[in-house]
Amino acid sequence: AHAEVVVVGLGLTLWCGEVAEGGGEENRRMKKGLVVYKLYRALSYGLSPLIHLHLRWRRFLGLEHPLRWPERLGHPSRPRRPGPLLWFHAVSLGEGMIAIPVIKHCIRRMPHLHVLMTITTMSAFEVLSKSLPSEIILQFSPVDTPTSIHSFLDYWKPNAIVLMESELWPNLIMDASRNGITLALLNARISEKSVKYWSEPVLLPLISLMLSKFSLIVPLSTEQGIRLQLLQAPPHIIHFSGDLKYVIEDFGVNERGRNNIENLRVQLTQKKVWMASSIHRGEEEIILGVHFALMQQQPNILTIIVPRHLQQGREIARKLEKEGQNVLLRSQYEKFKAGTNIYVVDTLGELRQLYTLTPIAVIGGSLLPGLSGHNISEAAAAGCAVLTGCHVGHFSHMVLEMQRSNPLSVLQVSGKLELEKALLELFTNATLLEARGRAAKEVFCSLSCGIVEKTWSLLNFHIFDRFSSEESKSLRL
């Protein structure tokens, strides 16, 4: 960790030196960025009618909300309450869930602050609309066209905008800056592919211009901080607080779901259970292959499969039923029948609870080339023995961080044969299974400590201090 800090410090020093010696070059770069942005703005304005039609088509396909889809064009469906307003924007359920602990902490520290949260996907809306605190206003995010962004900002008039992870939209960022709205980027991440894309001569001035408009950028790892520096983010706005994926809260499970999970726990007491979560298309073949192989040696096995998308889960269940397998779907809330050995989850927002049912969790999105992993910390928090594939993308920092703390906390496997071997060893070695589960939970507790408080401190210093003096007096404790 010390070596990483030294590298970052050296990178910051070199960057600062270049700016000091080449201020004229920086100005030229910003002018180029402004030219590229104006071209983007003109193009997005010209394509607005097509984007409108595209949204209507998505609504027809069920990918947009049937009634609230106009929110995507910047048309609000809720009143704007008087007083200072903080806008948090996340794309999907994952990004939304990591924002919730920060939002709740901000509300506790500043009770008079109003919070607007926007999301893009229907899955995020379905879960968050039922589980967010009532004081948080939930809307769908506007598409990045000049008209939609203008309409949205003009109505909501946020004092500050907090973007989650990688939401870098030119019209949103530039219009917010033009209107004096403070910008922050939390849990910031840029994939290696995106770095190459943004580093192209035409696009580098644009991303450099956009990043210069932020008052605070909090990368999720040291590596991500270096990538942002390579894209010429101002060094003085980059600060670290830890990966917010470690602090996702347990919410979104209704009373019926909780009761059913407790019933499941009772039914599973005599089973040897393992769970494969966030499974992408193609990975189910690996998981089912391992399941059938384990059944030959451990007939009392029960495999829980949690696909990434609901429809995929139902397709898996139908296919298994046609093959004569005894499978249950989570959404049916039925009791296990004699011989049931596969349980397919086709519900949203229950993953954290489901991890408590199993001593072993295999995290998907990692077993095939081209995938980029998923959050392993939720399984670790539940005390599961955590396994994942080798294709973990931007979650590689989390895997390495946990393995550095304790090598037993996460096991990576290269494919079906290694996964089968690892699971069989865990099922036949109770001491090893207990050690891996304990290591995962201890490492999680260590790494998650204080992250929300650190994030709050950064927001308080870099964002809330920029509110007007009158607003600050009414907000601060």
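Just so it is clear, glycine is given a Cβ too, placed from its N, Cα and C backbone atoms.
Positions annotated as active site, proton acceptor by TrEMBL: Glu95. The 10 Å shell around the Cβ of Glu95 (active site, proton acceptor) contains 24 further Cβ atoms across the protein chains shown.
Residues annotated as domain '3-deoxy-D-manno-octulosonic-acid transferase N-terminal' in TrEMBL: 68-247.
Residues annotated as site 'Transition state stabilizer' in TrEMBL: Glu165 (among others). Long-range Cβ contacts of Glu165 (site 'Transition state stabilizer') within its own chain (separation 6+, distance under 8 Å): Ala90, Val91, Glu95, Ile98, Leu185, Leu186, Asn187, Ala188, Arg189, Leu220.
Within 10 Å of the Cβ of Lys245 (site 'Transition state stabilizer') there are 22 other Cβ atoms, across all protein chains. The site 'Transition state stabilizer' annotation in TrEMBL covers Lys245 (among others).
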